[in-house]
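Q: Have a look at this one.
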Amino acid sequence: LYFNVMENKNTFKFVVVGGGIAGVTCVEQLASQFPSADLALITAGPHIKAVTNFKQVSKTLEEFSVEERPFTLLEEKYSNLTFILSAVKALDAKSHCLETTDGKVYGYEKLCICSGARPKLFTEDNPYVLGIRDTDSAQDFQKRLSQAKRIVLIGNGGIALELVHEVRGCEVIWAIKDKAIGNTFFDAGAAQFLIPSLETPKAQKPFPCKRPRYTVEETAGGTHGSALGPDWHEGIVLQGAEQGHRVVVEYQCEVEKIFTSTDVLVSEIAPNLETVGSWPVYIKLNNDKTYGCDLIVSATGVVPNTDPFLHGNDFVLANDGGLQVDEQMRTSELDIYAAGDVCTACWKHSPLWQQMRLWTQARQMGWHAARCMAAHALSESIELDFCFELFSHITKFFNYKVVLLGKFNAQGLGPNHELLVRCTKGQEYVKVVLSEGRMVGAVLIGETDLEETFENLILNQMDLTPYGEDLLNPNIDIEDYFD
Ligand code: FAD
């Protein structure tokens, strides 16, 4: 094997693959902990994602900005870090070597794979179907949207929610398989609260946003670029070919078939062409509706980027295709760790935490992986970090601040839970999930100012039965109450 003949290969103490949030956090932590060890960051694009303005909002909630930076900044900061601009194409776990697409081979003592994930397209190789993942695909989408009168959006997660709110000047047919919008993040009540925002025209000036915009500039990332993150659309205008904004939601349906304008003449929709209209592409949903459109956006989740690492190795993969990692971020292969979107957390989770492929978790996992690699290199032991105790996420949807805590959607609780809800139309939506009188989750939409108090109540698992519905009584200052 080529790995055996490479006598002059460069060997590093630590190698990290991936210049996204997980990889950069991991390599920075390692570089500062081992200032005289040789480290390498191998990544496919010349830009890396750096976390800046990190702010711990409460015990577990964190806010930070993300900046796309040239890799040279990292090299300048850490003299022991070598940056390798190339994609990994093969790994030989046994001989602790990696090969990159430019034909070079690198050895490692410990490796962390942070290669992220790519959009799960419901159909491959259809030029009318695109996924949005990185700067390049966002630019491609923007260009094609500017000529479009109607797009069909498939999917119901965070990206779909943002798109449906941001796209202007183009009709959006939004096909979701659930009964309510935003199913990944919300229940039907929260969806109902947000629906009016779909109908109101977008404010000329968006609310001030604390996070900086992404600079959308040329990258050489190709198909390996890092994932965009919060506010990815702020730096680009998502304007279609017309004026106005119309969203039609098709609930509880999936894609049955896609036709191009040439197929259509011989297809079952040919007799209905008059009502369907003439479009470059058509999509038939399993609720028997067919829509013609200019473009189909597939926002149906992601697939971990594991391909280059699997051949010839014995990685155990999770059902979602991620590299299984234990609470020390170790994969099933010796000396190989993984963090961020590429991995699946397979340790026994705290009852209040779940993995979601999000920005914050990519940072937390990258950081924890580095600490575990360091501890193991020094033959020390390390415990799971506190941030994995409670799921917490802060974001914005439809210009509302959204805070999600714990089992915010009663995930895995079955019928064994109770919900308390308070809602003021256009202002706030507060939902609390209680299990056996204890708070186990919450959804806070709007400026509720409740996140810290609720986080404490969830973490301390106090019996809240005596307080009943007063918990959400707007006339009671709950912060004082539990002080
Ligand atoms: P990535 O950021 O994808 O980085 C992977 C890195 O690996 C890249 O640098 C890539 O170049 C490199 N790479 C890949 N393959 C190879 C290879 N073979 N060899 C070498 N290098 C390789 N999360 C939120 O929390 N909030 C949001 O609002 C939000 N919005 C999003 C909007 C969009 C459009 C998208 C796509 C994602 C969004 N996310 C959001 C998710 C978030 O961006 C990801 O969870 C996070 O970026 C994952 O970080 P990562 O470091 O694991 O992977």
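Numbers here mean position along the shown chain, with the first residue as 1.
Including glycine, each Cβ sits where the backbone N, Cα and C put it.
Positions annotated as domain 'FAD/NAD(P)-binding' by TrEMBL: 13-168, 239-366. Per TrEMBL, the feature domain 'NADH-rubredoxin oxidoreductase C-terminal' maps to 394-461.
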Q: Over the domain 'FAD/NAD(P)-binding' (13-168), what does the predicted model average in pLDDT?
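A: When the pLDDT values over the domain 'FAD/NAD(P)-binding' (13-168) are averaged, the result is 91.
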Q: Counting by DSSP secondary structure, give me helix, strand and coil numbers for the domain 'NADH-rubredoxin oxidoreductase C-terminal' (394-461).
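A: Result for the domain 'NADH-rubredoxin oxidoreductase C-terminal' (394-461), in helix, strand, coil order: 10 helix, 34 strand, 24 coil.
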Q: For the domain 'FAD/NAD(P)-binding' (239-366), jot down how many residues DSSP puts in helix, in strand and in coil.
A: 26 helix, 41 strand, 61 coil
